[in-house]
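The compositional bias 'Polar residues' annotation in TrEMBL covers A:1-11. Residues or ranges marked as region 'Disordered' by TrEMBL: A:1-20. The active site, charge relay system annotation in TrEMBL covers A:Ser146, A:Asp222, A:His255.
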There are 2 protein chains.
Amino acid sequence: METVSTNKSHGGTQGVYTHASDATGTDMTFSVFVPPHEKGAALPVLWYLSGLTCTHANVTEKGEYRAACAEHGIIFVAPDTSPRGDDVPDKDQYDLGKGAGFYVDATEAPWAGNYRMKTYVEEELPGLIGDIFPADMERQSIMGHSMGGHGALTIGLRHADRFRSISAFSPIVSPLSCSWGQEALRLYLGDDEDAWRAHDASAMIADGARHPHLRVDQGTDDQFLEEQLKTGFLRDVCKELGQDLELNLRAGYDHSYYFISTFMAEHVGWHAERLKEGRR
Amino acid sequence: METVSTNKSHGGTQGVYTHASDATGTDMTFSVFVPPHEKGAALPVLWYLSGLTCTHANVTEKGEYRAACAEHGIIFVAPDTSPRGDDVPDKDQYDLGKGAGFYVDATEAPWAGNYRMKTYVEEELPGLIGDIFPADMERQSIMGHSMGGHGALTIGLRHADRFRSISAFSPIVSPLSCSWGQEALRLYLGDDEDAWRAHDASAMIADGARHPHLRVDQGTDDQFLEEQLKTGFLRDVCKELGQDLELNLRAGYDHSYYFISTFMAEHVGWHAERLKEGRR
């Protein structure tokens, strides 16, 4: 692993790192904020998965999470959203290919070689974080935005024992039910829509997945709400099947980091409540 | 004035606007955050002047000021750092020309036509802010970073009656004494160094300027501290001449927005204390 940059911030260290990933076969860049802590401390980890077109940098620069993470003593990890590099297949669309990995392992050519963001985020990067940073990997939570909200919900539900809490800003709650998700899952996973259900939070809950701490914040003026995000799908399936969901509709907010940054400290604090038990 | 964008954030509105400037003869873009407020309210105004290479966007995206401005009910205004446009003279250097207006009115060709950031920030833009936003122009303070710290100090000292408090992150405290300042002032104002003194905070204080509320925060690991910023010049002249200066040296912090964002809420709160008296 190579250090791209470190900057002191809010008493801790905001770092950006790069490493050769086995999962994707490419170099991958990610950011980690380590809050001020005592020597030998083992700190809980909050994962943040980003949305379409983003890298680690968007939330790192605009997310306004460091003050809250410093206050609560939480490590904040922000991976990239896809493999990168000249040899990596791409589409000339913002919602497919680079910047749009959708947190799945592709099975279809030419994507299957590099587009393995599920394995990268679920297995490879956690190994690195646990090895290198002062992390207590028994205390993890996960959150994300938009496509990364989809990632946080699906990965969190798949590993309900690993993640103590799951939250999302403006998530794609059902890729099966919107064009962003349909196009991406067909491209990466092929035509068999049954194979898509394991990557659709609403379908996962319909198929039995459960988590005790699930939260969504959604802006009511989000330009993607009706066509792509469809928060109502998740609300309805949770209500029908008895999955608790803390759903906060935020009047007048849109899809941008101006929305996320407004409620970031609240999300970090909400996760912190669930991460403080069982401190090593 | 045209609205480029507005986004709800922290209960208020983060806007970006553009207008045809008489001062610079170009279109100028700036950002304004208006916090949540009651109808008819007249809110104090905090000016933020940015550093070399920046536009309004850097602090707007990375400055982390909105939570504090919402809490204290303060309007936050961020102008650009120079005129822009294809017809505007420029140098192929990051520290001269576009992005490097140094908050002076140029007297030398070819700069004199457009490079009039002093008049723009001191006169034209305040007129627009007072006309269009719910601002109480009897309650203003000013702050800035690096070249914008120089701008805040010099403009604040020049208008000590207008600005209730002046603060700066990592300011250029004496353009006469560093290569950034010397090159820029020679270019814009000509060879007569006496004419430069009115644009050098340390020289202004030596020449008699005073302000009751002056604050500087400076990171000790700032890569520009020794060669360009020279905080010690200002500290010494203030001490020698009896100008109060709250100087906070911040161990381990650098020149970046990771530093600024760490102490932004503190600066906003410090200005808020001085802006709350005499509320309309």
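Note that Cβ sites are derived from N, Cα and C of the backbone, with glycine treated the same way.
Fair warning: this is a prediction, and the values are worked out from it, not measured in the lab.
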Pairwise CA distance, A:Asp222 (active site, charge relay system) versus A:His255 (active site, charge relay system), rounded so that it is a whole Å: 5
Between A:His255 (active site, charge relay system) and A:Ser146 (active site, charge relay system): CA-CA distance (Å): 8
Residues in the compositional bias 'Polar residues' (A:1-11) grouped by DSSP into helix, strand and remaining coil: 0 helix, 8 strand, 3 coil
Among A:Ser146, A:Asp222, A:His255 (the active-site residues), residues with Cβ under 8 Å to chain B, listed in sequence order: none
